[in-house]
Structure formats: C-alpha cells, structure tokens
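Heads up: the structure comes next, in structure tokens.
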Amino acid sequence: MDLGKVITAMVTPIHPEKDKVCKKRIHHLVNHLIKNGSDGLVIAGTTGESPTLSHDEKIKLFRQVIETNDGRAKLIAGTGSNNTAETIAFTKEVAELGGIDAVLIVAPYYNKPNQDGLYAHFAAVSEASDLPVVIYNIPGRSVVNIEPETIIRLAKLPNIVGVKESSGNLDNISKIIAETSDDFQVYSGDDSLTLPILAVGGNGVISVASHVVGNEMQEMIQAFERGEVQKAAQIHRELLPLMNGLFSVPNPAPTKYLLNQQGISVGPVRLPLVDLNAEQGTKLQAILEGLSK
C-alpha cells in the first residue's frame, strides 16, 4: 500500500487565546502542507501533541483534516496507546469517520511489554481494524524497542502494511527491509536518516521538517529515485542543520515557532511542553535563513 513518500507528522493548531483545537488554523495548515510537498499526513501523532489532546479534540481534528484534504493526500490517524482495548475501540471509531487511509499505532509505552506482548498487541489491533495498520517503533519515547524479528512476523499479517522506524538503528532497519515483502512500507521516522534509509531500500519519511521544507524533502527523494545520488546527498547535507535544529528543544515547539513566524498560525504548544524563548527562536530562525544562502 503506497501511502506516499513525504508524509508530514502534522502539528495540531491550537487557538492561542482559547487553548482549543482550531478548525480555521487546521484548514490553513493542511492546505499549506499539501501545496508544499506533502503527499501524506499523520494526524494526532507525537508531533501533533496527542498526549495532550482529549478524545473529543482528536475526533474534531480528524474531521476537519478529512474535510479540508478532500482526498488529495493520504491520511494516517494516530490511534495508538498503551492500552490495547482502548486502542482497538478508538481505531474502530476513527474508521467510521471515513476519509482515513491508515492508522499509526505506537508501541505501548510505560508498561514495557516484552516482544511477545508487543506482537500480541499489534496483532489484536490489526485483526480488529478495518483500516490498514502502520507500526510505530520509537524506543526513545516508549522505552521498549520492537525488535526486527517481531516486526518481520507482524509484517506477515494481512492488515499490517508498514512501519515508521524511529529506532535510528540502520542494521535493524536493513534487516526489516530485507526480510519483508516489497509491498511492506518502511518509513524513516527521523528526517536526518531519510536518505540513508532510502539507500537500504526504504520507502520514504514520516517527517517533521517537511512543515517548512517539504518541497526540498520531495526533491531529495525524487533525485535519489532518479539515480541522482550526489544531488540527493547535497540536499540532505543542506537540510541537515534544520533537521537537527527542529529537535533542539522538545518537538514540536521549534516547528510551531517557525510556522508561526512564516504566517502559518498554529498557536502554542501545550503544557508540559513550553514554547521557545527568544534566544532559542533567534538561533532556529538563523538556521532556516542559512539554507537560502
């Protein structure tokens, strides 16, 4: 299942005065992303501040993105949690909205399941879901790593179509690509590893940087796929300072800062995250401005 090459892990626009998910700002952001290189969107993922969104806010967010998108980009809804039964129930509810192409299911966090528990969790969600499932492996946040052998087993299930790999382990990612079918999609979960993962056979990126350099991310991937490896590598090197700068403080505060500076109003982050201070903002803006020199 082709979900796109540059899939943006979309921030959630918040009204700065009312502290509510803002439909007008969602509409503006979705159009901006699609016009600037995104062929897919992840909604209510980590970058979308899912831990601080209520159930009703997520549903409101999904509905507005579906309406604005109008079938243009692939939509992947973040419906995972560390509670299998709750994940299944929420995934079913989201499927009934229509207009969602797949769900992103994060590895259960905090309760630290072993590999058998991880397999059983994803298998149960897959069996119950009418929507295709993308596994999200992010051991830096979930504490547990979904081992390659577990992902390879899960890839054999008919409704599990891909993985967002944020482990940063190219050996493991290479093994997954080598031992799964060609239609199993392997996405980099780190902007800075997009090109290396493409080089070992990956399919694209679920990106944060694409909020501000989406066209450049597309250009890099397309250059690589045309065999213009040196051009792709040059773009990668040029974008690398920004990719790293967007994680200089906890995500998505830097991304929201740059979008707001560019006139794409997405509001603040929610506590316990905090917005950039003046010094942090100045440094980040300088990195972005340096790309055009």
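A Cβ is built for glycine as well, from the same backbone N, Cα and C atoms used for every other residue.
Pulled from Swiss-Prot:
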ACT_SITE  Tyr136  active site, proton donor/acceptor
ACT_SITE  Lys164  active site, schiff-base intermediate with substrate
BINDING   Thr47, Ile206  pyruvate binding site
SITE      Thr46  site 'Part of a proton relay during catalysis'
SITE      Tyr110  site 'Part of a proton relay during catalysis'
Ile206 (pyruvate binding site) to Tyr136 (active site, proton donor/acceptor) - Cα separation in whole Å:
10
Length of the line joining the Cα atoms of Lys164 (active site, schiff-base intermediate with substrate) and the residue listed as 'active site, proton donor/acceptor', in Å:
5
Other CB atoms, at most 10 A from the CB of the residue listed as 'active site, proton donor/acceptor':
28
Would you mind reading off the Cα separation of Thr47 (pyruvate binding site) from Tyr136 (active site, proton donor/acceptor), to the nearest angstrom?
13
Collapsed DSSP category at the residue listed as 'active site, schiff-base intermediate with substrate':
strand
Measuring Cα to Cα, tell me the gap between the residue listed as 'active site, proton donor/acceptor' and Tyr110 (site 'Part of a proton relay during catalysis') in whole angstrom.
15
Cβ atoms within 10 Å, counted per site: which of Thr47, Tyr110, Ile206 has the most, among these recorded positions?
Ile206
Mind giving me a neighbour count for Thr46 (site 'Part of a proton relay during catalysis')? Other Cβ atoms within 10 Å of its Cβ, every protein chain shown.
20
Rounded to a whole number, how many Å is the Cα of Tyr110 (site 'Part of a proton relay during catalysis') away from the Cα of Thr46 (site 'Part of a proton relay during catalysis')?
15
For Lys164 (active site, schiff-base intermediate with substrate), list the number of other Cβ atoms lying within 10 Å of its Cβ atom.
25
